[in-house]
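These notes are about the structure you will find just below.
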Amino acid sequence: MWSMVSIIVLALGIFSLEFPRLQKKNRKKEAWFFTIFLLSFTIISVLESSEVNLPNPLDFIQSFYKMIGF
Amino acid sequence: MDNQTISPRQFMFLVILFSVGSSILIVPTPLTANAKQDAWMSISISVAVGLILVVLYNHIATLMKGQTFVQATISVFGNWLGRVLLFFYLSFLYILASLVLRNIGDFMTTQIIPETPLQFTHILFLIVVIWGAYLGLEAIGRSSEMFMPWVVLLLVFFTISLSPQIKMENLQPVLSNGIVPVLETSTFVIGTPLLEMVTFLMIIPYVKDGKTKKRAWLLGTFIGGAVLTLITLLCILILGSDLTALNTYPSYKLAQKINIAGFLEGLEIIIAIIWMITIFFKMVILYYSTTVGIAQFLTMEDHRPLLLPLGMGMVVLSIIAYPDVAYFETFINETWFPYAMTHGLIIPLIVWAGLLVKSKKQTKPQHDRS
């Protein structure tokens with residue numbers, strides 16, 4: 001619970017730190033990408049802290065190279 | 001991103017720190033497990049292969065003409081095919097950075113601060129790395145000049161204070177199992193620091209001066225490889241190949257054995273500083289080139305807004321990347337080499353071919369005119 005709250009507080013902190021700067025320079029594209037990255041990684045972090053089993057990219061890599069014969 | 005440049009000497013220091021960082025912790029164990037007392041030979045072979053690799057990278061860097069790898073790939077293969085290749089390249093760098101973060105985290109939690117949760121070690125370490133990447137390449141280059149004397153000094157101290165305990169018998173018999181296991185294990189070092197050098201294709205356009213930077217890369221690789229050889233050799237000479245293969249961090253075990261005149265002991269934490277410095281630089285280079293790469297991939301003007309969100313993702317990835325040490329060992333022994341080979345050799349070769357064709361096409365019309 002606490003870890004979830006602290007992750008969301010952290011994400012809001014990062015947002016309030018960077019977003020006004022991007023808005024001031026009128027960089028729409030940067031602001032969009034920043035928001036998308038932040039939102040998706042916040043969701044992933046919250047899932048991880050609530051002990052959901054996230055898929056591990058290393059598993060995919062391993063099974064791919066097993067498949068082609070290494 | 002912005003017009004920051006570093007000097008060839010700073011670039012060489014970065015290459016040295018990059019090739020020593022984290023490999024110094026993880027290399028001796030698997031090497032001695034397979035090649036026994038001949039492990040140092042297999043490192044020497046891999047360094048020779050690595051130098052050839054760097055010649056190839058240098059050639060790619062010349063053909064890129066001041067563009068980074070990401071920009072060059074997009075300009076050669078176009079927006080879509082180029083981005084498909086780059087997606088794999090950048091994900092390789094990102095995964096590599098999170099594995100390096102996990103290495104230092106594992107080391108700290110098992111050896112130095114066992115009560116601190118892994119996440120917090122990672123977050124603390126990553127904050128410094130993000131700060132470094134925020135300040136940019138110039139600051140990274142200059143701080144490498146600051147820290148290099150420390151690393152050299154501590155390495156010299158490490159070697160000299162251990163030299164009384166060297167037992168030459170540990171190296172014998174030379175090549176008792178034939179040359180095959182030596183050649184087999186040399187793939188490990190080629191995979192771990194040498195193919196990862198592909199990262200520097202993102203850094204090299206920002207290095208001043210055309211000719212000496214090629215030599216700087218080669219020399220840096222050579223010195224980095226020599227340091228790795230020295231550490232492995234010391235592990236074998238002092239601990240013996242069996243004990244080295246049993247320890248997770250044999251070079252830390254080695255530092256615990258330092259004993260100067262019977263009263264100066266427990267200096268291992270001073271030696272651990274070498275690893276923190278080198279791993280910090282490896283992380284900062286990887287993190288900087290990943291964020292700059294992603295920013296150029298998305299045609300953004302500045303990489304700085306991406307630093308903090310990507311850091312959040314990296315902490316999660318480094319935690320879920322492997323559940324235990326056994327998983328990591330099978331991954332690094334079996335899958336890492338082909339994985340690094342695909343991204344460190346095959347993708348650069350494809351881009352190299354594309355660049356060659358492109359540069360030929362560009363020079364031909366000029367010939368026709370003249």
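Going from the start of the chain as shown, residues are counted 1 onward.
The backbone N, Cα and C atoms fix where each Cβ goes, glycine too.
Annotation comment: TrEMBL describes B:12-33 (among others) as transmembrane segment.
TrEMBL lists B:39-60 (among others) with the feature transmembrane segment.
Taken from TrEMBL, the feature transmembrane segment applies to B:80-100 (among others).
The transmembrane segment feature in TrEMBL is assigned to B:120-140 (among others).
Non-local neighbours of the transmembrane segment (B:147-166) in the same chain are 13, 16-17, 20, 227, 230, 234, 237-238, 254-255, 257-258, 260, 267, 270-271, 273-274, 277-278, 281; each lies 6+ residues outside the stretch with a CB under 8 Å from one of its CB atoms. Residues annotated as transmembrane segment in TrEMBL: B:147-166 (among others).
Same-chain residues lying 6 or more positions outside the transmembrane segment (B:186-204) and placing a CB less than 8 Å from one of its CB atoms are 6, 11, 14-15, 18-23, 26-27, 30-31, 42-43, 45-47, 49-50, 53-54, 57, 60-61, 64, 68-70, 89, 93, 96, 137, 213, 217, 221, 224-225, 228, 285-286, 288-289, 292-293, 332-333, 336-337, 340-341, 343-345, 347-348. As annotated by TrEMBL, transmembrane segment applies to B:186-204 (among others).
As annotated by TrEMBL, transmembrane segment applies to B:216-240 (among others).
Residues or ranges marked as transmembrane segment by TrEMBL: B:260-285 (among others).
Long-range contacts of the transmembrane segment (B:306-324) within its own chain (CB-CB distance under 8 A, at least 6 residues past either end) are made by residues 94-95, 97-99, 101-102, 105, 118-119, 122-123, 126-127, 129-130, 133-134, 287, 290-291, 294-295, 300, 331. The transmembrane segment feature in TrEMBL is assigned to B:306-324 (among others).
Below 8 angstroms of C-beta separation, residues 53, 56-57, 59-60, 63-64, 69, 72-73, 76-77, 85, 88-89, 92, 187-188, 190-192, 194-198, 201 of the same chain, each at least six residues beyond the ends of the transmembrane segment (B:336-357), sit close to that stretch. If you look up TrEMBL, you'll see B:336-357 (among others) marked as transmembrane segment.
Contact between the transmembrane segment (B:260-285) and the transmembrane segment (B:39-60) is not supported, since fewer than 3 Cβ pairs fall under 8 Å when only residues 6 or more apart in sequence are counted.
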